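Swiss-Prot has this to say about the protein:
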TRANSMEM  5-25  transmembrane segment
TRANSMEM  69-89  transmembrane segment
TRANSMEM  102-122  transmembrane segment
TRANSMEM  148-168  transmembrane segment
TRANSMEM  174-194  transmembrane segment
TRANSMEM  215-235  transmembrane segment
TRANSMEM  253-273  transmembrane segment
TRANSMEM  293-313  transmembrane segment
Amino acid sequence: MISQIISSFLTFVMILIAVAFLTLIERKVLGYMQLRKGPNIVGPFGLLQPFADGIKLFIKEPLQPSYASIFLFILAPALAISLALILWISLPLPLALSDMNLGLMFILAISSLSVYSLLTSGWASNSKYALMGALRAVAQTISYEVTLGLMIVALTILSGGFDLKLFIDLQNKIWLLFPMWPIFLMWFISTLAETNRSPFDLTEGESELVSGFNVEFSGGLFALFFLAEYANILFMNSLTVVLFMGSSNLSSLYFSASMTMKTMFLIFLFLWVRASYPRFRYDQLMHLMWKNFLPITLSLLIFQFSMSLFFGVSPSAI
């Protein structure tokens, strides 16, 4: 029991350290894409910049709006970072925290709970900008979870279950990225929207909503939202690697190296998209999901069901 707690604690600490360096990589990559250097003052090559930013935020005085609900105001960022870390329990890592038979269902359940942290933060701030940003974030997140859920069902038809280890075994010969490329493209775009990344970062919308649902947060509470957002980005890309790009189960070291390299490649694509595309209009964002992704995903799902019935191959664990 104690060893499990220590293992979980160390895993969460490593995730937060990875998130810290992810922010540095983002600033560096965007800097070079815009023909500038990025952070290069604090430490060698700017490697200590994330820690300097974290210390700066956490030593700031915590301020709350005078009419805010203090309990919910503090609960919202704590809930956000807690859910972002709990999601990692389901991943089939070399030193996995648990062995889940319904890992994908667990991910859907926990990610849907993150909506409450967004809505609570906007409502507890007692600010119209924060509330409007929270409502946008909730509508966007719920909308894209519909297609993400249907894509997961389409993938489980091939794997035969919701256990993530089944996907690793399934992709020993060929990645699902190739036969399922339409679903992969929609999945990648949906993860951009699910994590509120550009060009779907309408929840922040500086030109319209000042800063979105976290406009009233500062110091350590804002840092918790920031850590939760980047932990979710890291997790969604890791999940994409497991679902579509497979990994070898030859050894733990090879698995870790392979998964890290593929995850970093997907994160680079996230940053490339951010540097290349302007923000969508909100109605375009909703039309993309409800009028494009949803019908296509349903059609592919029905096609896969019909093919499995036609050839008499029915997954045993669905």
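Note that Cβ sites are derived from N, Cα and C of the backbone, with glycine treated the same way.
Below 8 A, the CB atoms of the transmembrane segment (174-194) and the transmembrane segment (293-313) form 3+ pairs separated by six or more positions in the chain. Sequence-remote contacts of a segment are chain residues at least 6 beyond its ends whose Cβ falls under 8 Å from one of its Cβ atoms, and for the transmembrane segment (215-235) they are 15-16, 18-19, 22-23, 54, 57-65, 68, 73-74, 77-78, 80-81, 83-85, 87-88, 91, 114, 117, 121, 125, 127, 129-130, 133, 194-197, 209, 263, 267, 270. Outside the transmembrane segment (102-122), and at least 6 residues removed from its termini, the chain residues within Cβ reach (under 8 Å) are 72-73, 75-77, 79-80, 83-84, 86-87, 89-92, 130-135, 137-138, 141-142, 145, 148-149, 152, 156, 162-164, 194, 203, 213-214, 217, 225, 228, 232, 239. For the transmembrane segment (293-313), the partner stretch with the most Cβ pairs below 8 Å, chosen from 5-25, 148-168, 253-273, is 148-168.
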